[in-house]
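Q: The structure's right below; bear with me while I get my questions together.
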Amino acid sequence: MRVSKSLILITLSALVISFAEAYDPSPLQDFCVAIDDLKNGVFVNGKFCKDPKQAKAEDFFFSGLNQAGSTNNKVRSNVTTVNVDQIPGLNTMGISLVRIDYAPYGQNPPHTHPRATEILVLIEGTLYVGFVSSNQDNNRLFAKVLYPGDVFVFPIGMIHFQVNIGKTPAVAFAGLSSQNAGVITIADTVFGSTPPINPDILAQAFQLDVNIVEDLEAKFRN
């Protein structure tokens, strides 16, 4: 994969998000570089901001998205996040970025971003992606097969997923309309909570035998 091609696609994704109305509060200053020093900062949008006169280029910089993340895990995918924790200068900017690597037949399992809409562009490989609408919309599935250069949008708060349906690795980049979009992975949340949800509740909710629920909870707690 040519680096120049990736950078162009990343830039296009970022521009699309930046022209949209951000979900995070709009900044009232040029920038607000996040710091952990409580004595020399002003609290804005969940972070303390350093004195603007002390800001430097490194506060707005991240290096490493040219490197593939390890997919040696149960879901065979890896998400490399670039948000306000990696780039302090993103504070109050209402935008962040991720790189997603998928092994053959790997997936980014069903999850939601409670604070952001996501726009994803596929760089290489073949993905089956989709999201499910709310109960009020009868939980409709919106899904597509993506090829390199294709773009798909996941609305804020909607459960969505991506699956590599090809025999080769896949790579995607996604922009998110929040400096800290958050992520809730459905299976991990429901079956791996601390403390665990009462198995009887989940058995009734999912219409499963309680023994199956207990087995699922044991798997997701490990």
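Glycine residues also receive a Cβ, built from the backbone N, Cα and C atoms like all the rest.
Copying in the features that Swiss-Prot gives for the protein in this structure:
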{"type": "BINDING", "residues": "H111, H113, E118, H160", "note": "Mn(2+) binding site"}
{"type": "DISULFID", "residues": "C32-C49", "note": "disulfide bond"}
{"type": "DOMAIN", "residues": "63-214", "note": "domain 'Cupin type-1'"}
{"type": "CARBOHYD", "residues": "N78", "note": "N-linked glycosylation site"}
{"type": "SIGNAL", "residues": "1-18", "note": "signal peptide"}
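Could you give the neighbours, burial and distances for every feature on this list?
A: DSSP assigns H160 (Mn(2+) binding site) to a strand.
In this view, C49 (disulfide bond) is surrounded by 22 other Cβ atoms within 10 Å of its Cβ, with every protein chain counted.
According to its DSSP assignment, N78 (N-linked glycosylation site) is in a strand. The C-beta environment of N78 (N-linked glycosylation site), restricted to residues of the same chain at least 6 apart in sequence and closer than 8 Å, consists of A68, G69, S70, T71, I100, D101.
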Q: Same chain, not part of H111, H113, E118, H160: whose C-beta falls within 8 angstroms of the C-beta centre of the Mn(2+) site? Give them in sequence order.
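A: Going along the sequence, the neighbours appear as T112, A116, F131, F154, M158, I159, A181, V183.
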Q: Provide the number of Cβ atoms within 10 Å of the Cβ of H113 (Mn(2+) binding site), excluding the reference atom itself.
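A: There are 24 such Cβ atoms around H113 (Mn(2+) binding site).
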Q: Show which residues of the chain containing H111 (Mn(2+) binding site), separated from it by at least 6 in sequence, have their CB under 8 Å from its CB.
A: I159, H160, F161, V183, I184, T185, I186
Q: So if I draw a 10 Å sphere around the Cβ of E118 (Mn(2+) binding site), how many other Cβ atoms end up inside it?
A: 24
Q: Using all protein chains in view, find how many other C-beta atoms are within 10 Å of the C-beta of C32 (disulfide bond).
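A: Result for C32 (disulfide bond): 26 neighbouring Cβ atoms inside 10 Å.
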Q: So for H160 (Mn(2+) binding site), how many other CB atoms are inside 10 Å of its CB?
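A: There are 22 of them.
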